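Input: a single structure, listed below in structure tokens.
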Amino acid sequence: RALLPIPVAAAAKETVTVGVGNRSDLEDLHLYATPREQRFRRFASLEFEGQLYMTPYDFIQAVTSDEPKHAKKWRSLSKQELNQILMETPPVWKGSSKLFRNLNEKGVISYTEYLFLLCILTKPHAGFRIAFNMFDTDGNEMVDKKEFLVLQEIFRKKNEKREKRGDEEKRAMLRLQLYGYHTPTNSVLKTEGEDLVPRSYWDTLRRSTSQALFSDLAEHADDISSSLSDTTLLVHFFGKKGKAELNFEDFYRFMDNLQTEVLEIEFLSYSNGMNTISEEDFAHILLRYTNVENTSSYLENMRCSIPEEKGITFEEFRSFFQFLNNLEDFTIAMQMYNFASRSIGQDEFKRAVYVATGVKLSPHLVNTVFKIFDVDRDDQLSYKEFIGIMKDRLNRGFRGYKPIQRYTTFKSCVRKELYSR
């Protein structure tokens, strides 16, 4: 079932193709796109002056669905339509954990903002301050529009290093689609040998913003601002005139709300209006975004180990994903147990989670996780396998998606049916 209704009026509008090249040329561009670019192009539904945009609805779909619910055709926005969308964008102090759902299709999100939002989804709360400080290049405890637009250049230059070889004309067309302007191939950022090592966009942002004061990235921000159209995110953060500044409290609230909103959407898609999801549904959600080919062994093991269904509440669900966003610190704690040749039971697991991340997981949630991943049923966790699978799960939107499987237990179906009457 669709989580977000698509307005009939919007769906009925005439769709047109992007005004850069003919349709066959545009389809060929997919061959030159990276996996991230391909996914953005697959879910984006709007185009303005040659540049593609997602709506908030598109973004939610991109991080919670395998494929778009409808075949996408890029609808061309007029300047008047774009201005009307931006006029209806609420200020940051009116943000909530339903912001993207409330905006639905009344918003525009650029490719670099898409990458930024994906970064937010996988970061612990402790990292929010680091993120804010990275943008606050002048150290005045406020982020202005110019500082935020350095993000555009950092992600663009990171992307240039990942571009596929091929027809330069096609690559230029692809850059125009993604960034809205033709980009030079020379890089402002340092291109040392370590850049050959693949880095996440978050790592790139963290390393590169510290260089912004010592490069011409910040100087170019005014040029970038004048050549790009405003977006929903820019208006939300900096106001309709772009003169407002963003403080840490509002920035933190935005990031926390986004994480909560995406988790709520996933949870509600399984809960059928109830306060809990089944342990099996929880297992499906965990394994869905991973590279595990055969999930049946994990699910069968859990069914046998948890015969009495209790259910997972949203608070338990959210706490687990807060823990996952701290997975790197947890991995260090697990390595210490390994060096000491200590087995990892439920008590050790729960303690390591709390010590490394500050997150308290309920005994039932910890037991459920063990029953999912303790395939040999010795009540000990194979932490290497667990961490490997969970790292895949954190790559939401960056790798291939597993189709949703809804083989919910018969008991769960009966329970939900009874409570929904």
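Using the three backbone atoms N, Cα and C, a Cβ is placed for every residue, glycine included.
Those TrEMBL annotations? Automatic predictions, nothing curated.
These figures come from a predicted structure and were not determined experimentally.
Copied from TrEMBL, the annotated features are:
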- 123-158: domain 'EF-hand' (DOMAIN)
- 361-396: domain 'EF-hand' (DOMAIN)
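In the predicted model, residues of the domain 'EF-hand' (361-396) average a pLDDT of 80. Across the domain 'EF-hand' (123-158), the DSSP tally of helix, strand and coil residues reads 24 helix, 2 strand, 10 coil.
Mapped onto DSSP helix, strand and coil, the domain 'EF-hand' (361-396) counts 23 helix, 0 strand, 13 coil.
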